[in-house]
Amino acid sequence: MKKDAKIYVAGHRGLVGSALINQLSQQGYTNLLTRTHAELDLTNQNAVKKFFSEEKPEYVFLAAAKVGGIHANNTYPAEFIHQNLAIQTNVIHESYVNGVKRLLFLGSSCIYPKFAPQPMKEEHLLTGALEPTNRPYALAKIAGIEMCWSYNRQYGTQYLAAMPTNLYGPGDNYHPENSHVIPALIRKFHEAKVNNQSVVTVWGTGTPKREFLCNEDMADACVFLMQLPDNQFQKLLESDESASGKLQPPLVNVGYGSDITIKVLAETVQKIIGHQGNIQFDTSKPDGTLRKLMDATILHQAGWQPKVSIEAGLEIAYQDFLKHH
Ligand SMILES: NC(=O)C1=CN([C@@H]2O[C@H](COP(=O)(O)OP(=O)(O)OC[C@H]3O[C@@H](n4cnc5c(N)ncnc54)[C@H](OP(=O)(O)O)[C@@H]3O)[C@@H](O)[C@H]2O)C=CC1
Ligand SMILES: C[C@H]1O[C@H](OP(=O)(O)OP(=O)(O)OC[C@H]2O[C@@H](n3cnc4c(=O)[nH]c(N)nc43)[C@H](O)[C@@H]2O)[C@@H](O)[C@@H](O)C1=O
């Protein structure tokens, strides 16, 4: 990507999109193209068509999506499948029609089977049943991967799908019910501290494990992937050398490398916030997948590693929460 290349960051005000804008700006990219949701509804086929034909971006980071935690996914399944299918279909197709050089589609670790072997490799896609709490979202993301792969095969495009693990960081959504676990716990422990409440309720049993990556690292990995020289990028698109010997979609895992239980996460957040008191587990709430650690060997072999530890990342996230609440 040349420094003056026209780069469209879809979803630039979101957790990942905002970090992408920071990362690209810091690296000297000067021609960033953005539209807010109000300016361009990516579920609107005609609006997306008009936007791409007028603007002709050269590179696309597709970080716009309907996103939420376990409760939101479970409560609004129709919105999750409809909006994600529409956004990605419109953006991927118009990228093809308008000659976009490279596109990075962001999926999610929930595309892998609920009981996939751990750590989960790219080749585990479509080898078993999905976790029910986020199946509509996961199926939309799987369709997005298949669409990237199909366009690459039929039209020779260069569309790569990156699968992030659970993300957090500055600019997160701190909604009490609809957010992911880290922003939810930051809010709960902070509110308990300022209101002198001794007990904080954490959903589920506390035993599920999650792998967490800071949005700054996620954006760094996305830019790293899009900057790969042609031969290396092409190799990721055509990675058919899996252990199973089967053809593989253009898919790459983006993870931190280790996971922790929700109980340990809650205790860590409690300590960082300085809340004194007890944690109680509400087992009427779903646990979701028990474990979903990614195997990020492909990305590591390409030369990328995360930089932000979970403790450092949680500190940064809490400071961001304090700035805005
Ligand atoms: N956060 C996480 O833990 C994980 C995220 N991912 C994936 O990473 C990507 C980025 O997620 P994240 O940054 O967390 O999500 P956010 O919800 O923070 O940001 C998504 C962005 O997309 C925009 N958007 C949503 N719908 C539309 C639409 N119809 N038209 C235009 N813009 C729209 C939102 O705008 P507005 O808010 O105004 O609607 C928002 O700016 C997504 O593909 C997500 O699936 C994958 C795994 C984990
Ligand atoms: C990234 C990923 O995010 C979603 O999946 P998830 O990993 O299950 O997401 P989560 O962050 O919401 O929960 C993680 C764990 O944490 C527990 N938990 C405890 N207490 C709270 C709590 O207060 N809020 C939330 N949200 N969870 C809590 C919760 O019960 C669960 O065991 C997908 O739907 C899908 O969107 C997706 O791809």
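Glycine is treated like the rest: Cβ placed from N, Cα and C.
TrEMBL: automatically predicted annotations, no manual curation.
As given in TrEMBL:
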- 7-232: domain 'NAD-dependent epimerase/dehydratase' (DOMAIN)
- 11-17, 106-109, LYS141, 164-167, HIS180: NADP(+) binding site (BINDING)
- SER108: site 'Important for catalytic activity' (SITE)
- CYS110: site 'Important for catalytic activity' (SITE)
- TYR137: active site, proton donor/acceptor (ACT_SITE)
- LYS188, TRP203, ARG210, ASP287: substrate binding site (BINDING)
Closest of GLY14, CYS110, LEU167 to ASP287 (substrate binding site), Cα positions, recorded positions only: CYS110
Neighbour count (Cβ, 10 Å) for the residue listed as 'active site, proton donor/acceptor': 28
Spatial neighbours of LEU167 (NADP(+) binding site) that are distant in sequence (at least 6 apart) but have CB under 8 A: LEU15, VAL16, HIS180, PHE212, LEU213, CYS214, ASN215, MET218
Residues satisfying Cβ distance under 8 Å from GLY17 (NADP(+) binding site), sequence separation of at least 6: VAL9, ALA10, GLY11, PHE61, ALA63, ALA64
Inter-residue Cα distance where the pair is CYS110 (site 'Important for catalytic activity') and ARG210 (substrate binding site), in Å: 11
Of GLY11, GLY14, PRO164, ASP287, binding-site residues neighbouring ligand 1, Cβ under 6 A: GLY11, GLY14, PRO164
Rounded Cα-Cα span from the residue listed as 'active site, proton donor/acceptor' to SER108 (NADP(+) binding site), Å: 9
PRO164 (NADP(+) binding site): secondary structure state under DSSP, collapsed to three categories: strand
For GLY14 (NADP(+) binding site): intrachain residues, at least 6 apart, with Cβ closer than 8 Å: ALA63, ALA64, VAL67, GLY171
Contacting binding-site residues, sequence order - SER108, PRO164, LEU167, TRP203, ASP287 vs ligand 2, Cβ under 6 Å: SER108, TRP203, ASP287
Spatial neighbours of PRO164 (NADP(+) binding site), counting only the recorded positions CYS110, TYR137, LYS188, TRP203 and Cα distances within 10 Å: CYS110
CB within-chain contacts under 8 A for TRP203 (substrate binding site), separation at least 6: ILE70, HIS71, VAL181, PHE281, ASP282, LYS285, PRO286
